[in-house]
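Peer 1: This is the feature table in Swiss-Prot:
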- 3-23: transmembrane segment (TRANSMEM)
- 24-44: transmembrane segment (TRANSMEM)
- 50-70: transmembrane segment (TRANSMEM)
- 223-243: transmembrane segment (TRANSMEM)
- 254-274: transmembrane segment (TRANSMEM)
- 320-340: transmembrane segment (TRANSMEM)
- 370-390: transmembrane segment (TRANSMEM)
- 392-412: transmembrane segment (TRANSMEM)
- 446-466: transmembrane segment (TRANSMEM)
- 471-491: transmembrane segment (TRANSMEM)
Amino acid sequence: MKITTVGVCIISGIFPLLILPQLPGTLTLAFLTLFACVLAFIPVKTVRYIALTLLFFVWGILSAKQILWAGETLTGATQDAIVEITATDGMTTHYGQITHLQGRRIFPASGLVMYGEYLPQAVCAGQQWSMKLKVRAVHGQLNDGGFDSQRYAIAQHQPLTGRFLQASVIEPNCSLRAQYLASLQTTLQPYPWNAVILGLGMGERLSVPKEIKNIMRDTGTAHLMAISGLHIAFAALLAAGLIRSGQIFLPGRWIHWQIPLIGGICCAAFYAWLTGMQPPALRTMVALATWGMLKLSGRQWSGWDVWICCLAAILLMDPVAILSQSLWLSAAAVAALIFWYQWFPCPEWQLPPVLRAVVSLIHLQLGITLLLMPVQIVIFHGISLTSFIANLLAIPLVTFITVPLILAAMVVHLSGPLILEQGLWFLADRSLALLFWGLKSLPEGWINIAECWQWLSFSPWFLLVVWRLNAWRTLPAMCVAGGLLMCWPLWQKPRPDEWQLYMLDVGQGLAMVIARNGKAILYDTGLAWPEGDSGQQLIIPWLHWHNLEPEGVILSHEHLDHRGGLDSILHIWPMLWIRSPLNWEHHQPCVRGEAWQWQGLRFSAHWPLQGSNDKGNNHSCVVKVDDGTNSILLTGDIEAPAEQKMLSRYWQQVQATLLQVPHHGSNTSSSLPLIQRVNGKVALASASRYNAWRLPSNKVKHRYQLQGYQWIDTPHQGQTTVNFSAQGWRISSLREQILPRWYHQWFGVPVDNG
C-alpha cells in the first residue's frame, strides 16, 4: 500500500470531524472498529482502504472525546490540581495545563485559560502551581460570519476556562525558554520595534500594539507574525547550509548528504521549542520531519505527494487540528502554489539575475493572491487590496534580512560579543522601521466581502484551467455555464414579501436586526469593553457579510450593554437616523404614540410615556414591528413596574407573534400579565452563558413555557433568525439548525448559566 494512499485514508477518515453534528457513542465506535477489522481481512484493495479510513475515523473521534472529557467532567465542582504555566501576560491572564488532578497524574494534560486575577507571586512559564480551581467548559458566541471562538479553543486544546480559589507555587523556577525570553526582553527595551522583534523571533504576540496588528491585517501581512513555515524552514535551511559548509573541512569518508538535512531539521526543532512550540510551529515541525523522511527515502516525490503526506501526518498526530483555520489557510496556500507552478510556471525570460528574481517574486505573489482568495473570504470575510504590493516588500525584507538578523542576534545573545549583538539588534530594528514605513504609506486596503461574492472568488482557478486547457474554444458552452453559476448568487434578489429578524449572539447585551430588501434597522447595538465593542467586532462585519445596508438605529435605553457599539457603527455609516427615549442631540423621539413606516413595515412605540423623567431599565423604548399579519415586540430592559403601567391602557396593542424577553430574562421583568397580554408564540432572550446574574432565570423561562411560548436564548441557540413571508414565519438557530456541529454544543453542566 502506497504511503500517499495511507495519507488519503487519514485525511478522509479525520475530515468528518469538521462537519459532524455530534460525536458517535462508545458502542458505535466499538462496532466501527470491529467492522473495520473484519473488512481488513477481505483481499480487495478498495475494501481495505475503506477499513483503514474507518480506523482513522475512530482515532479522530477518540481524540475529540479526549479533549472534551475535561469540559464534561471537571466543571461544576471545585478541583484540586497541579497546573503547569505555559504562557502568561505577567498580570491576570495565564495559560496552563492541568497535569495532576486530585493527586493523580492525567495524560494528556488538559489546557486551561485563567482570567481576571493576579497570582500570589511573580509568575512565568514553566512554573508548577498547586491550585484549587473552579473551571468552566469553553463556550463562545456564535454568529454567521463571526469569529468561532469555541471551535478555536478546541483546536488549540484549551477546553477549559476558569479561576483559582487558592494557589501556591510548587516549582518556582521558570523554564529555560522563559528565562531566555526575559533576558531578551531586557536587552530589547531600548529598541523602538522590540515588540515586533519578539513576535518574529519568539512568537510573543501579546505585547504587539493593536495599531501594528491593524496595519498588518489591513495590508495582508499578518501571516509574517506567526512562527510557522517561513521562520522554521528558514532556520532549517540556514542550519543545513552551515553544516554543509562545514563539511568542506572534513575527510571525504565523513561527508554524507543526509547530515545537513538531519542537522537542519534538528536545529529547526530546537528553534520551534524556543518559540514556545505554538500550534502553527508544531504543525510545521511535523510537516518538516515528514518531508525529511520522504527525502531520506531516496525516492522522487511529487509536490502533491509531499502535500498529502505532510497534511496526513499533522492530522494523525493531532486530529482536532482539522478545526484550525490556520491549518486550512496554510494547507490551501501550499496547494495553491503547487497548482500555480504546475499550470502557470514562471516565464523563463532572458533577464539579468536581479530582474529575474523580481519577476519570480511577482509571479509567486500574484499566484498566492489570486488563488488564495476563496479561503481568505471564507475565513476572514474580506480581502486586502494592498496585500499584493505590501507582500512584495514585506516577504523578501522579512525573509532575507529581518529574520536572519533576529536569528543571528538570538544566537549571539547566548555567546557574545555584546557589540556584535547590539549591532544585529539595531539592524533588525531599522529593517522593521523601513518595513512599517512602507506599510503605513499604503492606503487602507481592507474591504469586507459579502457572502454573495464567495463563489465568484473561485474565478481565478476557473479561468486558469479554462485558459490552459483551451476550453474557451473547445467547450465554450461549459465555460459560459461555469461563469454563470459563479455569478448566480449576485443575481438573486430578496423576495419582496419576505423580511427577517435576527437576534445576534453578543453575550450579555442585546443587538437585533430587522432586514428587508437589503436594508436594515438595528434595535440596540450590543455592549462595549475597554478594548472594543460589539459594533466593531461583530455587527459591522456581520452586516457586510450579509450585504445589508443599515438605515437607522433604535436605542432602547442608555445602558452600555445596549448602546455599546453605536459609535463604531456611526463611524462607518454616519448618516443613520437614531430613535431613542434619551432626548440626546440628533436623536428622534421613541415614546408612546410615535409611529412610522419603513419598507412596508409599521413601527409603533408603546413606552415610555411622553415627558417621562425615568431613567435606566424602566425608561426602555418598547417598539412593535408589524407587517399586518405577524409582529414582534421589542422590549429592551423594561421591568415589572413599567410593564404594569404600559399595560394599564391600550393593552390590546401589545399583542405580538414574537416577544423579545425583557432584561435578558431577569426575575425583575416578564411579569405574568405582560406574557399573557402579548399572547405570543415565541420568546427570544439574549444573554451570555456565564453571566454574574445567572440570566435568564429558570423561573422566567418556565413562566413563558407554561403560557405556551417556545423559548429560545442565545447561549443555547446562538444567532437566531426569524423569516417572515406570506406563508407564515419560520425560526432557525445557528447552533441547532443552520450550523450544527459537535464543537458548537453546550459542554459541561447542562443547567449552568452562571
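The backbone N, Cα and C atoms fix where each Cβ goes, glycine too.
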Peer 1: Taking a Cβ cut-off under 8 Å, which residues six or more beyond the ends of the transmembrane segment (392-412) line up next to it in the same chain?
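Peer 2: Same-chain contacts beyond the flanks: 184, 197, 200-201, 219, 221, 224, 230-231, 234-235, 238, 271, 274, 361-362, 365, 420-421, 424-425, 427-428, 431-432, 434-435, 438-439.
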Peer 1: Pairs of Cβ atoms less than 8 Å apart decide it: which stretch in 24-44, 50-70, 320-340, 446-466, 471-491 has the most with the transmembrane segment (370-390)?
Peer 2: 446-466
Peer 1: May I ask whether the transmembrane segment (223-243) has at least three C-beta pairs under 8 Å with the transmembrane segment (50-70), counting pairs 6 or more apart in sequence?
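Peer 2: Between the transmembrane segment (50-70) and the transmembrane segment (223-243), contact is absent.
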